[in-house]
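Copied from TrEMBL, the annotated features are:
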REGION    12-59  region 'Disordered'
COMPBIAS  31-52  compositional bias 'Basic and acidic residues'
DOMAIN    78-142  domain 'HMA'
TRANSMEM  186-204  transmembrane segment
TRANSMEM  216-235  transmembrane segment
Amino acid sequence: MLDPIVATGCSLGNKQNPGAHRMGTTIKNPPAHDHDHEHDHVAHEHEQKSPEPARSCCSSDAQPAVVTFAEAPTSGSRLSNFRIEAMDCPTEQTLIQNKLGKLAGVQKLEFNLINRLLGVWHDLPSTDPIREAISSLGMQADPVEEGAAPAASAPAPAKHWWPLALSGVTALGAEVVHLASLGPTWVVALLALVSIFSCGLTTYKKGWIALKNFNLNINALMSIAVTGAILIGQWPEAAMVMFLFTVAELIEAKSLD
């Protein structure tokens, strides 16, 4: 039997909060298992979505050291090595690769751009067709005896510095005359042409060879860009672009020496 005071207190408490009992029975804490499972799931997603290894922006454009044209070498295949002084970057490698790839009997090419060496696996009776094909690209292939110690390359003929200096001075002069309106247009054009022909003939020659072989390499693109600038009357820009490109080519060649 309940004490009257206690019974009265209980009844009053139930009247003041009639849903307390119901709320106490319906509110439940989320199961710990679900929380742990959620974390496991998130961790699993992190493992699945781990980033791929970073790739170099140039990795897809890097030329392979060995290029194979035949699945298996023939019984009479042999290796002929050549030193090509003009082969110092992937631009020349691509030209040689495309040219020799069309030559019957050539099976594999091995490029060494640092030492300017080319190894050709072939079954040709002589190396004359190979040398003629490379010569048509404006490059000279000197045979290297098989098994001989790699001799140091002969020093390249000293190039005169004054054509490049003249090109830079006249290109800068064309810019100054044009921007400061110090002379008529024909003066700007004359200065630009002197600059372009002082240093850009080699680029034009390489660009023409590339276009003849259906290869849009950097020399072909630069020749087209400079010619286009000339045709629209942008003489100072044409001269400066050709001068800076020649300087960049010179620095690249020196870095391999």
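Cβ coordinates are placed from backbone N, Cα and C, and glycine is handled just like the others.
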Based on DSSP, tally up the residues of the domain 'HMA' (78-142) by helix, strand and coil.
20 helix, 20 strand, 25 coil
Report, as numbers and ranges, every residue of the chain located at least six residues beyond the transmembrane segment (186-204) whose Cβ falls under 8 Å of a Cβ in that stretch; write 'none' if there are none.
163-164, 166-168, 170-171, 173-174, 177-178, 219, 222-223, 226, 230, 235-236, 238-240, 242-243, 245-246, 249
